[in-house]
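Worksheet: one structure, shown below.
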Amino acid sequence: MREPYYCSKDGRNKGAWTHQEDQKLIDYIKLHGEGCWRSLSMAAGLDRCRKSCRLRWLNYLRPDIKRGNFAQDEEDLIIKLHALLGNRWSLIAGRLPGRTDNEVKNYWNSCLRKKLICMGIDPNNHKLYHHLPHQKIPQQPLGSPIAISSESNKNNSNACSSKPSLKSHGTNATNNDDDMNTEKNYAIACTGEETSPMLDLNLKLAFEMP
DNA sequence: AAGCCGAGCAACCGCGGTTCG
DNA sequence: CCGAACCGCGGTTGCTCGGCT
């Protein structure tokens, strides 16, 4: 027996949060701490369901949230972690201090996926495509197994070399050494050439308990 | 100036897993 | 052990804004 899903069914507020609502939530959590979201929404005087309160706090109001563009090293880490973990956004975000799973997920879907596609890399399985980037790309079901494969990528160097820069959005492409190294390292990670793909990851991330 | 379109992001929804009585 | 209540995650939706025509 599930609890009622969301706010729409009980006439509570939906949509964007107002400044007053934010302030109420912040004030209440400052006083009483996080947790027990159901009672929190009532006790704080918020006409919102617990999920809405929790989401707002975790994704937006928390004081330790880092806002703004993702740095290059953050991008690299997301890509590597995604190759390793798949769509486990909370785990990926857990390795990025100040970033939320929602933010990482949005950034992946809006920016990084496109970058990888432009690089000729399938963002679902992190393999190189076997055709040029501008050609139509077959959609794969989400959640397909992560595969960092060494197979058959020897003819695909053009795909990666033809790619635009792997850079933060809004900046003009300049080929500085960092970007070139990033690109090269990730291509190596994709192809499995030279070394094990994830050697440059701190492997203790994989199964470290919180 | 107005309308269109796409990108980015916040919020919603539905489900699986966990806890507790 | 069982079921209700709750938590947290991941996918999706829809709103806003900026660029373009």
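Note that Cβ sites are derived from N, Cα and C of the backbone, with glycine treated the same way.
Curation plays no part in TrEMBL annotations; they are all automatic predictions.
Record features, source TrEMBL:
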DOMAIN    A:9-61  domain 'HTH myb-type'
DOMAIN    A:9-61  domain 'Myb-like'
DOMAIN    A:62-116  domain 'HTH myb-type'
DOMAIN    A:62-112  domain 'Myb-like'
REGION    A:140-181  region 'Disordered'
COMPBIAS  A:149-175  compositional bias 'Low complexity'
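If you take every residue in the domain 'HTH myb-type' (A:62-116) and average the pLDDT, you get 86. Helix, strand and coil counts from DSSP across the domain 'Myb-like' (A:62-112) read 32 helix, 0 strand, 19 coil.
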